[in-house]
Amino acid sequence: MASFYVKGGVELKGEIVPQGAKNEALQIISAVLLTKDKVTITNIPDIVDVNLQIELMAEIGVKVERITRHTCTFQADNIDPDYLGSEAFRKKSARLRGSVMIAGPMLARFGKAYVPKPGGDKIGRRRLDTHIIGFQKLGARFNYEDTNSLMQLTASKLRGAYMLLDEPSVTGTANIVMAAVMAEGITTIYNAACEPYLQQLCNMLNRMGAKISGIGSNLLTIEGVQKLSGTDHAMLPDMIEVGSFIGLAAMTQSELTIKNVGLSCLGIIPEKFMQLGIQMEFKGDDIFIPAQEVYQIQTFLDGSILTVSDHPWPGLTPDLLSIILVTATQAIGSVLIHQKMFESRLFFVDKLVDMGAQIILCDPHRATVIGIGRKYALHGITMSSPDIRAGVALLIAALSADGYSTIQNIEQIDRGYQYIDTRLNNLGADIQRIA
Ligand SMILES: CC(=O)N[C@H]1[C@@H](OP(=O)(O)OP(=O)(O)OC[C@H]2O[C@@H](n3ccc(=O)[nH]c3=O)[C@H](O)[C@@H]2O)O[C@H](CO)[C@@H](O)[C@@H]1O
Ligand SMILES: C=C(OP(=O)(O)O)C(=O)O
């Protein structure tokens, strides 16, 4: 297990460019399985989860050419569908969530798919019902092999259907869309997830020859086509990284410019940080955050305590709540953080409490942060990173704290943040990676 040894209380300064989006990359790389033609993908983040997804592609038989760490070509012209039933596929799939999105394209193209239990953050129950019910609505048969926890799907032909999703699952919608693009007839998906990464996926599929309309809404209509061809695709900037850097700037009282943020695709994210009192200026596609000694959490119009909660897009992504929570610890004022989607994502607050933060964990879904400005600084401790976002929240806390901190299990952070120590050290941080 590797660690970060972090010197706190250092002011950062400069410009930082967000990586390509992790959660978009996992969808887009899965979609290369839908065509025999070459697909070129750029702005790929060089992070553990995405690299594992690329390795999975190669193992299934996709010809992968890694032109640079951020540009890759894929050609799925000689695929082994049975590889998905293998022990090797099962093991690697269990290391990331994105592996679940291999099923939709495999079902579309080869009429069979195995869905092993995917990995990803251990942040509560993460059911796959939406995926499986969607595939069944398209005509797939489902079988669960208890002995190796493998879900098996087969279909001699997929047929378009109307479906009202139980919940707007992000990976579920991506999976069903990819299964439906070559189904016979029309598929209508209501209550679809519609975040920018899904829009990117649908636009990419349309460039490959799919006929998807309603992109950006929660009602997608897909007219099945016979085949798809190759395309080029560039990933958006990672909106969770953008949010993380806003929180980092505020917590460390640093002046930072976040370059090329893809402002039009950030939705409500900047506004949520502004509600914490963080100032920012939008300069073209950059966000400039001035060094701010104090920031004051707003109240609602009636004077009541602010609540920040997650919601499917265009609401606030749950992936930023840990960052917003840590950022609030150094603000003036109080905020209730309500993590509605995941039940085990707030448990990392005990580490912040150990560092001196004033937080009441009300229940597994809610925490009240009492920001007392910088009256008492956080102090460095040794802690372990439970998941990607909590890991970065702890890193931000450590960077703003008095003294030194050790963050263990940084493999979690590496799953989602590219060269984070090097990039932050370039801004003046003092983070040592200890293997
Ligand atoms: C690889 C990837 O893209 N991962 C993201 C994806 O995961 P993923 O696609 O796995 O997440 P889902 O959208 O399926 O759902 C997340 C959780 O929220 C619950 N839920 C979902 C929708 C809803 O309206 N109500 C509700 O309670 C689900 O039951 C589940 O427990 O989307 C999540 C929600 O944005 C993000 O945290 C993950 O980073
Ligand atoms: C929860 C996340 O990732 P995953 O779905 O890959 O576990 C995340 O990116 O915050």
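For all residues, glycine too, the Cβ spot is worked out from N, Cα and C.
No curator has checked TrEMBL annotations; they are predicted automatically.
When the candidates MET106, MET341 are compared with the UDP-N-acetyl-alpha-D-glucosamine site entry in TrEMBL, which names ARG97, ASP319, the shared residue is MET341. Between ASP319 (UDP-N-acetyl-alpha-D-glucosamine binding site) and ASP121 (active site, proton donor), the C-alpha separation comes to 11 Å. Listed in sequence order, the residues GLY120, ASP121, ILE123, ARG126, VAL170, THR317, PRO318, PHE342 complete the 8 Å Cβ shell around the UDP-N-acetyl-alpha-D-glucosamine site centroid, once ARG97, ASP319, MET341 themselves are left out. Among the residues the record lists as binding UDP-N-acetyl-alpha-D-glucosamine, namely ARG97, ASP319, MET341, the two farthest apart have Cα atoms separated by 16 Å. In sequence order, GLY124, ASP310, PRO318 are the residues near MET341 (UDP-N-acetyl-alpha-D-glucosamine binding site), counting only same-chain partners six or more apart with C-beta under 8 A. Proximity to ligand 1 (Cβ under 6 Å from any of its atoms) holds for these recorded positions out of LYS22, ASP121, ASP319: ASP319.
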